[in-house]
């Protein structure tokens, strides 16, 4: 998985207000001014797999490799490569940034090719490199915070855009050829006389065979055959490069526009309009039920003379003495709702930060960093909701509830990440999270989030449970058979179709960004889609809860959570379809990584949407039974 968090960070204001993009810099990012002949640092990042470029191409691996992995034999700077400081999110998403030996100075072009170094590649390492070429691995460079890219053309619109990363080699003829020469084109803008800013980084790699003897100034304009690596003998390789400067009218504030390219914006609008139509339809349906059916029932119930000896109840009023009976496993339910509330708050605040443009694309990993920090700081929200729901459900072991709320989900996630990290280490990937970073995450979770969760749980316990408008009967009422479509798993699958249908188009772009190294920054669409999904989940869960109560099925608590989280099962099915249609993973490590990440995505979606469905149903049930008179 590429360091996607840095690329997922465009401001949604650019998507919603394109005309305003020229008016401001993204907060948290400041331009770097150069003067002529100032050194311009080129940093190298991990090698990542990428899509070959055609619509039918498939991603062949999910393993990242360190640029200075000894099996690649890339040129190293004098004195050795030095790693650069990175954010927590950048490390988690696989970024490993180092210095490079490229000598670049502002506006100083190379008339001839520059010799970088020569390398001897044994046959065993040549086989390793050829396998990476066949898997379409890409090199990732950084200059002034901009990723090096290849210029490509959108075949539908004809627009030119920068595709981040460039190929390690190519195997167009089914024979892998290594790219050992790089034409580096740096675009610059001059905001004031003598002041220059980098606004674009383009690289055209090429494979140059022929004589690989050490030459001080090789001629790179002479046509030579391409360079293939022999797997049976040692290969001598010469790496060369040439730097060209190209003046551009693009100001520094909009330099990311060429990178953050939407291939077909109409499909985003189609998805958004489709989602809005679904949620409006559901809201109207719920309003009609509450206004016509429920209001009529309430009026009829309240019109009964309570002094009469015999009263006949029907419909959902029959279970008024059972509807607030404590469900099975209230501890587990309250812990899941508490963690879901914490995740909801994290997602909402992160989207707000992204919409306001505080997550600059130049600040690599800031999206994941903000999500981790918000999850940590919002531990109090999880503890508060968990303790209040637990008290409302009749729970008495509050200390156990506090402990499980603070530890159970982080522990589960940590175990999964640890297993995925093990597979990365076995595969020799640079994406494996270092032990120091793991330790930092443990400190964040159990040193900050857990105490905050305990404080929130204490506040929730002091406030006590939510009051219920009707009493619970001492003897449980017998439950008649319910229709098949109202059974827990059937209702979860049926109800999950609508939230999933409202988001599946954006889900494709998000999945492509996470696994296929595609940039995604349309946070305006994403935020609106998230809001529509939340409303859809809440309304459809209220509907199914009402249908269950009308069928005299009063065990609605777990059913509401399961119904709300039904979209997670469709996301799992879509993830498996995406695997078959867009991925061609040959190694066990890549398959394990994909399934592990997919499991985490589905788990988080199930907890978040299940919490939304449960809280919406809890609110609706309380409002419903507080509006009737019960003797």
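Each position is counted from 1, following the chain as shown.
Note: Cβ is positioned from N, Cα and C throughout, glycine not excepted.
Some features that TrEMBL has for this protein:
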SIGNAL    1-23  signal peptide
TRANSMEM  269-291  transmembrane segment
TRANSMEM  332-359  transmembrane segment
TRANSMEM  365-385  transmembrane segment
TRANSMEM  406-426  transmembrane segment
TRANSMEM  432-452  transmembrane segment
TRANSMEM  489-511  transmembrane segment
TRANSMEM  523-549  transmembrane segment
TRANSMEM  561-580  transmembrane segment
TRANSMEM  592-621  transmembrane segment
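Of the Cβ pairs linking the transmembrane segment (365-385) with the transmembrane segment (432-452) and spaced 6 or more residues apart, 3 or more are under 8 Å, so the two regions touch. In this chain, the transmembrane segment (489-511) lies apart from the transmembrane segment (406-426): fewer than three C-beta pairs between them fall below 8 angstroms, excluding pairs fewer than 6 positions apart. With a cut-off of 8 Å between Cβ atoms, the residues of this chain six or more beyond the transmembrane segment (523-549) that come close are 10-13, 15-16, 268, 271-272, 275-276, 278-279, 282-283, 285-286, 289, 294, 315-316, 319, 323, 347, 351, 354-355, 482, 486, 491, 494-495, 498-499, 502-503, 506, 510, 556, 559-560, 563-564, 567, 609, 612-617, 620-621, 624. The stretch in closest packing with the transmembrane segment (592-621), judged by the count of Cβ pairs under 8 Å and taken from 269-291, 332-359, 561-580, is 561-580. Long-range contacts of the transmembrane segment (406-426) within the same chain, counting only residues at least 6 positions beyond its ends with a Cβ under 8 Å from a Cβ of the stretch, are 63, 335, 339, 379, 382-383, 432-433, 438, 441-442, 445-446, 449-450, 453-454, 457, 588-589, 592-593, 596-597, 599-600, 603, 607. Away from its own ends, the transmembrane segment (332-359) comes close to residues 9, 11-13, 24, 26-28, 366-367, 370-371, 374-375, 378-379, 381-387, 389-390, 393, 395, 401, 404-405, 408-409, 523-524, 526-527, 530, 557-558, 561, 604, 607-608, 610-612, 614-615 of its chain (Cβ-Cβ under 8 Å, at least six residues beyond either end).
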